[in-house]
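According to Swiss-Prot, the active site, schiff-base intermediate with DNA annotation covers 2, on the basis of sequence analysis. Look at Swiss-Prot and you will find 3, 57, 260 tagged as active site, proton donor. Marked as DNA binding site by Swiss-Prot on the basis of sequence analysis: 91, 110, 151. According to Swiss-Prot, the feature zinc finger maps to 236-270, an assignment based on sequence analysis.
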């Protein structure tokens, strides 16, 4: 699943081709994604793309005729190509075509993403309920400690909750907890202030590093330039069940926590009894 670094990578990849451009047409081949594609998108001819931004895992195109919210879902990706360069494939559901012949193509085999129109993205219900950005100054140890009080949920589920902090998906949650030395099943309310300081620090480090390296190379993620990301080459625990921990040599274990596979080192991440 594309996570925050993948969406940030997509934003940086497509922005040079779309910023300041005039929309010629938006071609919708599949109306039903996670939510129905907004009808308004097919009436945006002449709209100028004045800015592009990201909030959590939503890519936002700000235009003179409202904002377009794009979510990549479980397997979505964005590509840039020239108009008529390549016929649309089976899973190419939406094309945004600019007047100068550039195409933003949305591919999604599982059809679990979205393309929505809204007058103002900041006021859309999908955006207003989100927690702080993990790389922002709002995401601090003091904030995380305060939000964790009386929370009996496992710390892994806690940091993956978008109401608490956005964009810490399964891969990066596993990696961050390993680097912080915290067992994924530790109750959030048992976090100490010092542990929160460490956890916030490594979450920021892991995500920043992944963005620099282009996101995580998984079968469903391709960068807008067609190249894979490279962060998977340095994953410490995620997807490494049965392999030796790079720090201590103990065998990495996996367990389903909150309906997600969670990877951890039982020696480096001890669950207090």
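From the backbone N, Cα and C atoms, a Cβ is placed for every residue, glycine too.
Features as recorded by Swiss-Prot, highlighted on the structure.
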residue	record	DSSP class
2	active site, schiff-base intermediate with DNA	coil
57	active site, proton donor	coil
91	DNA binding site	coil
110	DNA binding site	coil
151	DNA binding site	coil
260	active site, proton donor	strand
Helix, strand and coil totals (DSSP H, G, I; E, B; other) for the zinc finger (236-270): 0 helix, 12 strand, 23 coil
Alpha-carbon spacing, residue 260 (active site, proton donor) to residue 91 (DNA binding site), which is rounded to whole Å: 26
Cα proximity to residue 2 (active site, schiff-base intermediate with DNA), best match among recorded positions 57, 91, 110, 151: 57
Distance [Cα-Cα, Å, rounded] between residue 151 (DNA binding site) and residue 3 (active site, proton donor): 24
Inter-residue C-alpha distance, residue 110 (DNA binding site) and residue 57 (active site, proton donor) (nearest angstrom): 17
Integer mean pLDDT for the zinc finger (236-270): 96
Integer Cα-Cα distance in angstrom, residue 91 (DNA binding site) to residue 3 (active site, proton donor): 20
Packing count at residue 57 (active site, proton donor) (other Cβ atoms within 10 Å of its Cβ): 24
